[in-house]
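K.L.:
Sharing a structure below in structure tokens format, with a few things to ask.
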Amino acid sequence: MYVIESKAAAIGCMILSLCCLGSWPAILTLLERRGRLPQHTFLDFTTANLLAAIVIAFTLGEVGKSTFQTPDFTTQLLQDNWPSVLLAVAGGVLLSVGNLAAQYAFAFVGLSVTEVITASITVVIGTTLNYFLDDKINRAEVLFPGVGCFLIAVFLGAAVHSSNAADVKAKLESLPSEFKAGTEDFYSSIKKGEDNLEKEEPDLESHEKPSEKAKAGTAGFFVELENKRAIKVFGKSILIGLFLTLFAGTCLSLFSPAFNLATNDQWSTLPKGVPKLVVYTAFFYFSIAGFLIALILNLIFLYRPVAGLARSSLKKYVKDSKGRSWAVFAGFLCGFGNGLQFMGGQAAGYAAADSVQALPLVSTFWGIILFGEYRRSSRRTYVLLVSMLVMFVAAVAILMASSGRRGHRK
């Protein structure tokens with residue numbers, strides 16, 4: 001199998017992983033804002049995610065000479081390593097449930113803030129656990145100041161969300177009274193907009209742009225967005241989004257420590273003489289578990305939808321091809337991004353590999369460019385947003401600087 005041995009190669013994996021993991025949430029958000037049901041999108045997404053793991057396992061997991069300590073992927077499938085496999089399965093379930101919750105949080109809280117809060121919680125909890133699981137191979141005097149920066153970013157992210165929500169509310173209140181959010185006439189206008197969209201909505205894959213679109217950040221822009229999107233958020237409490245975000249962050253904070261335990265057997269659960277799971281085998285089981293739990297939950301959500309979504313069915317999902325290629329692309333980005341994160345973590349320490357949780361830097365870029373997030377917001381919102389991003393840049397740099405080498409304790 002292919003083994004990363006140098007610190008430089010490990011950091012290269014982390015940077016590439018950062019680009020992948022920071023981009024797929026933007027694609028899911030784009031599809032939801034264009035009206036595609038999240039259940040349909042996530043089923044395509046999780047299938048592609050599994051395919052990415054299979055490709056990695058049967059390529060990188062089979063390259064090179066197999067040894068007793070580092071057996072190849074197919075050799076390990078027949079070994080008595082079920083204690084480690086179950087830990088990998090637990091990690092896959094946590095990641096999948098966390099990603100699913102985050103998909104709904106993107107609608108309520110926004111792409112940028114959701115990513116900041118979930119990533120920060122992931123680092124604060126997950127990095128601390130990984131530091132001790134990795135036998136402290138990362139430099140504590142560098143690592144934990146970085147964790148502190150992420151913790152500050154959590155509170156700044158919540159403040160950005162609160163301030164931006166107040167800005168949007170103020171803009172909507174400037175509309176004529178019959179179109180204000182929360183009124184019967186407003187929701188009637190939303191329904192009319194949906195009926196018109198069924199006749200005029202362009203193909204998701206088309207490059208044609210509708211004429212006379214409202215400018216990003218204006219009251220008209222938010223009304224148009226509410227008309228088109230799958231998840232209706234006007235009139236909903238901001239606490240719903242924050243709860244989803246915190247729940248997602250908690251799940252995502254635990255999947256990396258579980259994967260760490262699966263590949264390094266710190267609890268000595270494997271039978272004597274059985275080699276530890278290699279990254280590729282663990283990632284294979286990890287991804288199968290994530291796929292199965294996502295499949296079960298989203299099939300339930302098709303027939304018993306949440307968040308006020310329309311009821312669907314397996315037949316409707318199969319026929320819904322609009323945006324499918326984008327959802328599949330997002331799944332591959334997530335799958336390869338996670339694989340690269342684990343490869344880098346196995347070489348340089350999973351605590352340092354958590355630096356890929358800087359993905360909100362990439363997601364915020366996409367949020368501003370693609371979705372016009374924070375356009376025409378208040379000065380307070382801009383100050384909080386810049387402060388949040390500056391704190392993230394500092395945190396990522398510090399976490400990467402703490403990288404060690406497995407077997408070379410600092």
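Glycine is treated like the rest: Cβ placed from N, Cα and C.
TrEMBL lists 6-30, 42-61, 81-101, 108-130, 142-161, 238-259, 279-303, 324-344, 350-370, 382-401 with the feature transmembrane segment.
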K.L.:
Report yes or no: does the transmembrane segment (382-401) come within contact of the transmembrane segment (81-101), defined as 3 or more CB pairs under 8 Å with a sequence separation of 6 or more?
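P.N.:
No, the transmembrane segment (382-401) and the transmembrane segment (81-101) are not in contact.
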K.L.:
Of the stretches 42-61, 81-101, 238-259, 324-344, which racks up the most C-beta pairs under 8 Å with the transmembrane segment (108-130)?
P.N.:
238-259
K.L.:
Look over the recorded stretches 42-61, 81-101, 238-259, 324-344 and say which has the most C-beta pairs under 8 A to the transmembrane segment (279-303).
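P.N.:
The stretch with the most close Cβ contacts to the transmembrane segment (279-303) is 81-101.
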K.L.:
Take the C-beta pairs under 8 A between the transmembrane segment (42-61) and each of 81-101, 238-259, 324-344. Which stretch has the highest count?
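P.N.:
By the under-8 Å Cβ criterion, the transmembrane segment (42-61) pairs most with 324-344.
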